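Residues or ranges marked as transmembrane segment by Swiss-Prot on the basis of sequence analysis: 27-47, 71-91, 93-113, 134-154, 174-194, 205-225, 245-265, 268-288, 294-314, 343-363.
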Amino acid sequence: MLIWLVELSEYFKFLNLFRYITFRTGAALFTSALIVFLFGPTIINSLRIRQGKGQPIRADGPQTHFKKAGTPTMGGLMILAGIVGASLLWADLSNVYVVATLLVTLGFGAIGFYDDYLKVTKQSHKGFSGKARLGIEFVIAGIAVYFMMRTALASGTAGSTFGSSIAFPFFKDFLINLGIMFVVFGGFVIVGAGNAVNLTDGLDGLAIVPVMIAAASFGVIAYLAGNVVFANYLQINFVPGTGELAVVLGAVIGAGLGFLWFNAPPAAIFMGDTGSLALGGTIGTVAVATKHEIVMAIIGGLFVMETLSVIIQVGFFKMTGRRVFLMAPIHHHFEKKGWTESQVVIRFWIIAVGLALLGLSTLKLR
């Protein structure tokens, strides 16, 4: 919104700063963190009063988790407030990619909020119907992908079918055109990302730091892909307008830092599905917009690992009646093996950093 003040730069030279994505990204980070810091305590106290028993604790989970009983959930409301508030101030709201990303952020956040509400009121792990939840997620993601695809097709910078094509790392000109089916592919990427982060969010600080790492990585990718000079130099696909997504991701990082202040062990609040679905969906949307869906599987490899552990556990149990892991998602497996919560969290953070660096290195390998 504040970018519109650039028109007054003829009279106030300092307003030229608002032209620069880097400046607005930093400002969005600071603003979102400030929003969470300022309103966090009020939101936490309100949720604690309203929820009473807080988030239900799994009876079959690690024994150390029972001491967390009574901790309120829905902390994602703080994160959403920071992201949306900062984005409205600092991002270009006429940019289709920004609007599509915020649509997914808010839409997935609303789904997560309803899921959290059902779990808290029923004091049960069974919230929103899985099929209904996935169906609504696909509708929201599909709408976002459709409009982003149309925008990319209209730009025509890399051919008439670029917007509906999958790009591959290491090969700039190797594109597979999916046509209208790209909406399905993109929707799958976004929904998968949202639910992968949701599965990872099981320990204090476990999900939010890897999300910030992924957001920082994709902030770099979005900025480079949206700049024709850098894109040509690195031989990555130029996608006009995606640079503006760096501002939104700056807001994600700021909101994440603010939330981590309250989520650090012992957590005063959990983000719940409200936050995890929204954050994962946001990262997934940026990956689709920048044509780095495959690279997201590397940068977000930790989330992929968590998701695969659940798929393997459920599938193997249905076939054999036995379990591969002591408990899934896999972070609980390591807890059951005797790792402390802090050991699991910090070691997984290290993995996330390594995977992010590996993913970013693909930008130069052409």
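We number each residue from 1, going along the chain as drawn.
Cβ atoms are placed via backbone N, Cα and C, with glycine included.
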Distant-in-sequence neighbours of the transmembrane segment (245-265), which means Cβ under 8 A and at least six residues beyond its ends: 21-22, 24-37, 40, 44, 75, 78-83, 85-87, 90-92, 97-98, 101-102, 204-205, 208-209, 211-212, 215-216, 218-220, 222-223, 226, 271, 275, 279, 282-283, 286, 289-290, 341-342
Stretch among 174-194, 268-288, 294-314 sharing the most Cβ pairs under 8 Å with the transmembrane segment (93-113): 268-288
Contact set, same chain, for the transmembrane segment (27-47): CB under 8 Å, 6 or more residues outside the stretch: 72-75, 77-79, 81-83, 85-87, 89-91, 247-248, 250-255, 257-259, 261-262, 268-269
Chain residues outside the transmembrane segment (294-314) and at least six past its termini with a C-beta under 8 angstroms from it: 166-169, 189, 192-193, 195-197, 199-200, 210, 213-214, 217-218, 221, 280, 283-284, 287, 323-325, 328-331, 333, 348, 351-352, 355-356, 358-360, 362
Positions on the same chain near the transmembrane segment (205-225), where near means CB under 8 A and six or more residues out: 21-22, 25, 197, 231, 234, 236-239, 242-246, 249-250, 252-253, 256-257, 259-260, 263-265, 267, 271, 275-276, 279-280, 282-283, 286-287, 289-292, 295-296, 299-300, 302-303, 331, 344-345, 348-349, 352-353, 356, 359-360, 363
